[in-house]
Amino acid sequence: MDFLTIVQILDSTVRLATPLLLACLAGLWSERAGIFDIGLEGKMLAAAFFSAAIAFTTGSVWLGLFAGIVASVFLSGLHGVASITFRGNQLISGVAINFLAAGLTVVIAQTWFQQGGRTPQLATESRFGNIVLPGAETRIRDIAQQGPLGQVYSELISGHSILVYVALLMVPLTWFLLYRTRFGLRLRAVGENPAAVDTAGVSVVGLRYAAVVICGVLCGLAGAYLATALNAGFVKDMSAGRGFIALAALIFAKWRPWYALSACLLFGLFDAIGNRYQNIQLGEFIVPVQFMQALPYILVVIVLAGLVGKAIPPRAGGEPYVKER
Amino acid sequence: MDKMPKWADVVLIPLISVVLALVVSGLVVAIIGESPWRAMEIMVRGAFGSAYGWGYTLYYATNFIFTGLAVAVAFHARLFNIGGEGQAALGGLGVAIILLGVAWPHWTIALLAAVLFSAAFGAVWAAVPAYLQAKRGSHIVITTIMFNYIASALMVYLLVNVFRVEGSMSPESATFAEAVHLPNAASFAGFLGFRGSTPLNFSFFLALLACVFVWLLIWRTRLGYEIRAFGHSDSAAVYAGINPTKIIMITMIISGALAGMMAINVVMGEAERLVLDFVEGAGFVGIAVALMGRSHPVGVILAALLFGALYQGGAELQFEMPAISREMVVVIQALVILFTGALDNMVRMPMQAFFLSLRRRREAGARTPAE
C-alpha cells in the first residue's frame, strides 16, 4: 500500500464521517438537554429527500439545503411536542419519527417524481461542488506527481464540499457554546438536574425546545450532505442506519464534542476501508466485509458493557420534566 | 381514586388515538391528490373482500402477533425491546439449522423442534442486551438496536458464505424437505375458500396459543406478577424481595423467544427456506401492535389484525392507485406509534379533564336536592 492510497482512504474517511459527525453533534445537543433522540435517522432521511427534491426543482442547492433543514426541524419540533409538552415516551416518539420519515419520503417522492420513490439524478450545478483550496491540484494524475505534503494538502485537506468544512467547524463551535457560554451551562444543567434550573428561574421547556431545534438544524445539514454532496439525489432509505451509527458514536464519545469527532472519524474509517476492500486478509484469517460493517455496533456494545471506560448518559435524559406544584 | 373509568382507559383512548392516526393518514392521501375514501375502500376490500385477501391478512397478522407479544411482554417489565427485528432473524437461523440439519419424518415433530430452536435463538439474541442491562446498566434500547444491525450483518454473512446453495447466486438456503412443510390454510380450512397458494399456514394457531400463554404468564402466575410489579416500580419490587436481574433476564428471554418464533410462520410455513431479510420490518410493527393493543394479548390480536389488513390492503392499494406508494403503510404505522405511544397524553389529558368535570357535575347534582 503506497502513501497515496492511505491518503485516499483518509480522504474518503472524512467524506463518510461528515454525515455521522453532523448527526452525532445533533444528538449531543439534544441529549445534553435531557431529550433522548433515536430519531436522528429519520430526520436525516427527511432532510435528504427534501434537499434533493427542492434542489432538483429549483436548481438551487442552497434552497434545497434550506428545505432539508426545515423538514428536519419540523420533525424535531414534533419530537419536542411529544416529549416536552405532552411528556410522552421519548424513545417511542423517536421510533415513530424514523418510520414517519421512511414512509413519507418515499410516498411523496413517488407522487412528485414517479420514479419509484427516488428523486431524479441531480445535475452538477444543483449539488454542492468540491471546494479547491488555493494551490491544490484536482486531477488524480497531478496529485500523484506531488510530494507527500502536497498529496495530503490536495487530496485530504482540499477538495471537499463546503458542508464538510462546516461540520468540522461545528465541533469547536459546539464545544464553545456548551462549555464557555451561559446558555451552554444552563443547557447542560437541564440535562442533569432540570429542577435546579427551574428553581433558578430559567425555563426548562424553553431550553429543551432550543436544544431540539439545534438538533434539527444539524440533522438537516447531515441529510442535505447525503443527498446533495455525497450522492446526487435521494434514494429510498439512503441514510442506511447512519443515524444509529451517529448515536453509537455519541455513546462512544461519552457525550463530548471533541471525542465525538474522533469517534465519527473512526467509524468513517471503518466505512471507508469496508468500501475499498471487500474482504481483508489478516495473516491466516479473512475478515469478511460484513464484520467491518457491524464493527461500529459491536464496539458500542463493548463500550456500553463497561469494558472500555464507562459511558454515563446525562442524568435527566429520557425523563419528562414535571414542575412541582 | 381513578380519574377515569377503566373502559375509557382500555378502550376509548386507544380507539381515539387510532382514529386520529387514520385521519392524519387520510389527510396525507388527500394532499397527494387521491380520495382517502376510495383508498380506504380499496384497502378494506383488498384485505377482507376475498379468501385470497384474508389469507394474506391473517398471514401477516400471525407475524405481528408474535412480534407484538414480544414487545408487550417486555413492556410489562417496562423494558423497551426494539430488537424484535434481529431476534426474529436469529429465530429464522434456528429454524433453518434444525430443519436442514435433521431429516424429520413428519412436520409435527419438526414443528416442535422448530419452535424450540427459533425460540432459543431469539432468546439468546435478547439475553445479551438483557444481561448488559441487568448487570452493567447499559441501556437496553440502544443495545437492542445495535443487535439488530449485528444480526443483519451476521445473516448476510451466513447466507452468502454458509447457507447459499452451490452454484446459486441468490443469498438463500436450500429448500426444506417435503416432509417438514407446514399444512397451509387450503388443507385445513379449504372449505372457507382458501387456495393452495395462500401463505396462511398452521403457525396461525401457534400464534393464538402464544397469546394464551402470555395471558396466563402475565396475569395468572407468580412470575407474571413479579414482572408487572417490577414494571410498576423497580424499587418497590426490590423491597418486596423480587430480584431485578432475574426479572430482566427472564422477561427478555421470553420476549426474544416470542420474536424468534415469528420465523416459523415465514421461514418454515411460507418461504420453506431461509431467505435474506425475511423479517421485513415485522419486528418494528410489533412496537406499534403492542402500543395499540395496550400490551394485552387480546389487544395484540386485534392490533395485529389491523396491521395485517394494512399490509395486505396496502399491496392492493399500490396496484390500483399507482400514485400511492406501498410505503403509505409505513406512514400509517408511524402515525399509530406516534398517537398511541408518544402523544398518548395529548388524548389522555383532555379525556381526564372531561371525566373529572363529569364526575364533579354529578356529585354537585347529587348534593343540591339535599341542601
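Positions of Cβ are set from backbone N, Cα and C atoms, glycine also.
Annotated in TrEMBL:
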{"type": "TRANSMEM", "residues": "B:12-33", "note": "transmembrane segment"}
{"type": "TRANSMEM", "residues": "B:53-75", "note": "transmembrane segment"}
{"type": "TRANSMEM", "residues": "B:87-104", "note": "transmembrane segment"}
{"type": "TRANSMEM", "residues": "B:110-128", "note": "transmembrane segment"}
{"type": "TRANSMEM", "residues": "B:140-160", "note": "transmembrane segment"}
{"type": "TRANSMEM", "residues": "B:200-219", "note": "transmembrane segment"}
{"type": "TRANSMEM", "residues": "B:247-268", "note": "transmembrane segment"}
{"type": "TRANSMEM", "residues": "B:274-291", "note": "transmembrane segment"}
{"type": "TRANSMEM", "residues": "B:298-315", "note": "transmembrane segment"}
{"type": "TRANSMEM", "residues": "B:327-347", "note": "transmembrane segment"}
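Taking every recorded stretch in B:12-33, B:53-75, B:110-128, B:298-315 and counting its Cβ pairs under 8 Å to the transmembrane segment (B:274-291), the highest total belongs to B:53-75. Counted over residue pairs separated by six or more positions, the transmembrane segment (B:298-315) shares at least 3 Cβ pairs under 8 angstroms with the transmembrane segment (B:327-347), which defines the two as touching. Counting only same-chain residues 6+ beyond the ends of the transmembrane segment (B:200-219), those with a CB under 8 A from a CB of the stretch are 54-56, 58-59, 61-62, 65-66, 69, 72-73, 76, 111, 115, 182-185, 188, 194, 227-228, 254, 258, 261, 264-265, 268-270, 296-298, 300-301.
Within the same chain, the transmembrane segment (B:53-75) packs against the transmembrane segment (B:247-268): three or more Cβ pairs sit under 8 Å, each pair at least 6 residues apart. At the 8 Å Cβ cutoff, the transmembrane segment (B:110-128) and the transmembrane segment (B:12-33) share fewer than 3 close pairs (sequence separation 6 or more) and do not count as touching.
Remote same-chain residues near the transmembrane segment (B:87-104) are listed as 66-67, 70, 81, 110, 113-114, 116-126, 147, 151-152, 155, 158, 163, 173-174, 176-177, 179-180, 255-256, 259-264, 266-268, 273-274, 278-279, 282-283 (criterion: CB distance under 8 Å, separation of at least six residues from the stretch ends).
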